[in-house]
Amino acid sequence: MSTRIAFLKGHGTENDFVIVPDPENTLDLPPAAVAALCDRRAGIGGDGLLHVVRSAEHPEAAHMAAEAEWFMDYRNGDGSVAEMCGNGVRVFARYLQRAGHVTEGDLAVATRGGVKAVHIAKGGDVTVGMGKALLPEGDVTVSVGDRSWPARNVNMGNPHAVAFVDDLAHAGDLYSPPPFSPAAAYPSGVNVEFVVDRGPRHVAMRVHERGAGETRSCGTGACAVAVATARRDGADPVATGTPATYTVDVPGGTLVITERSDGEIEMTGPAVIVAEGEIDADWLENAVG
Ligand SMILES: N[C@@H](CCC[C@H](N)C(=O)O)C(=O)O
């Protein structure tokens, strides 16, 4: 009888994840294993994978262990590593709550993008402090087919290019990563958001995620969109001392983003665990080859 590895499946505004609890960091999860687990036909399926490890047990997180007991070892669906995942950290917190590791209220989660403050509201949404946005200077262009747009470079720990478009359909099928220029703007690739206005401080977006393809939501992307839209609208909370809140519709739901007067960004939305089960370790070994 082959060994079994526990997993759960969850999503935040339909940005979906395979969750693999591994408190002592005993599992070997090379990129091929992550890609096999995230495969929607031959595996479990997900935009990414949340490897749940005690910070003290992970070489990339041990230095954060005093502040945050748990480390979100986030991987994209293609197996690549990313600095941060905004929806992922909210789903990660929901998992910790379900497993009895934390209760409602405040907790800290270690990520490659630093320690994030999370708040699990009673019976409701999960809020995460996403840190401050960086807005590197320089013109960026993204294109799809024969259309191209100027884009705002926003770094939320991970890289984003935010393009305002007339119609979200103009982004096309997004089967492949939208080309961008100059290449030097994003040496490690980029997440690309396409944005339209819906009303006052209310926008809608589609996203092509680095390492995952088009997804139904992206939390860091929604924050990048809120900041880019605020600057376009002439709103700068740090300069004016007035917070700016934007509602961002994604294909999988709605996220609410506030940029505070100190520049800190908070994102609120749902986080859901939908299933749990066991992975056949022999299958995973064969899938990796
Ligand atoms: N879906 C995530 C972002 C995941 C990482 C991204 N694909 C990257 O490579 O930077 C989110 O909710 O933020």
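Backbone N, Cα and C atoms are what each Cβ position is placed from, and that goes for glycine too.
Unlike curated records, TrEMBL annotations are generated automatically.
Within its own chain, CYS85 (active site) has GLY48, LEU50, MET72, TYR74, THR111, ASN158, GLY219, THR220 as residues 6 or more apart in sequence whose C-beta sits under 8 angstroms from its own. Annotation comment: TrEMBL describes CYS85 as active site.
Taken from TrEMBL, the feature active site, proton donor applies to CYS85. Secondary structure at CYS85 (active site), as computed by DSSP, is coil.
Residues annotated as active site, proton acceptor in TrEMBL: CYS218. Look at CYS218 (active site, proton acceptor): DSSP puts it in coil. Using a 10 Å radius centred on the Cβ of CYS218 (active site, proton acceptor) and all shown protein chains, the other Cβ atoms total 36.
Sequence-distant neighbours of GLU209 (substrate binding site) (same chain, 6+ residues apart, CB-CB distance under 8 A): ASP47, ASN76, ASN191, THR215, CYS218, GLY221. Summarising the annotation, TrEMBL assigns substrate binding site to ASN15, ASN76, GLY86, ASN87, ASN158, ASN191, GLU209, ARG210, GLY219, THR220.
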Check your understanding: Within 10 angstroms of the C-beta of GLY86 (substrate binding site), what count of other C-beta atoms is obtained when all protein chains are considered?
Key -> 29
Practice item. Specify the count of other C-beta atoms within 10 Å of the C-beta of GLY219 (substrate binding site). Key: 27
**Study point:** Cα-Cα distance, maximum over ASN15, ASN76, GLY86, ASN87, ASN158, ASN191, GLU209, ARG210, GLY219, THR220, record's substrate binders, Å
**Key:** 16
Review point. Taking the centroid of the Cβ atoms of ASN15, ASN76, GLY86, ASN87, ASN158, ASN191, GLU209, ARG210, GLY219, THR220 as the substrate site, which other residues of that chain lie with their Cβ within 8 Å of it, listed in sequence order?
Key: GLY48, ALA82, MET84, CYS85, GLY88, VAL207, ALA212, THR215, CYS218, GLY221
Check your understanding: So for ASN15 (substrate binding site), how many other CB atoms are inside 10 Å of its CB?
Key -> 33
Study note, to complete from the structure: Three-class DSSP assignment, ASN15 (substrate binding site), comes back as strand
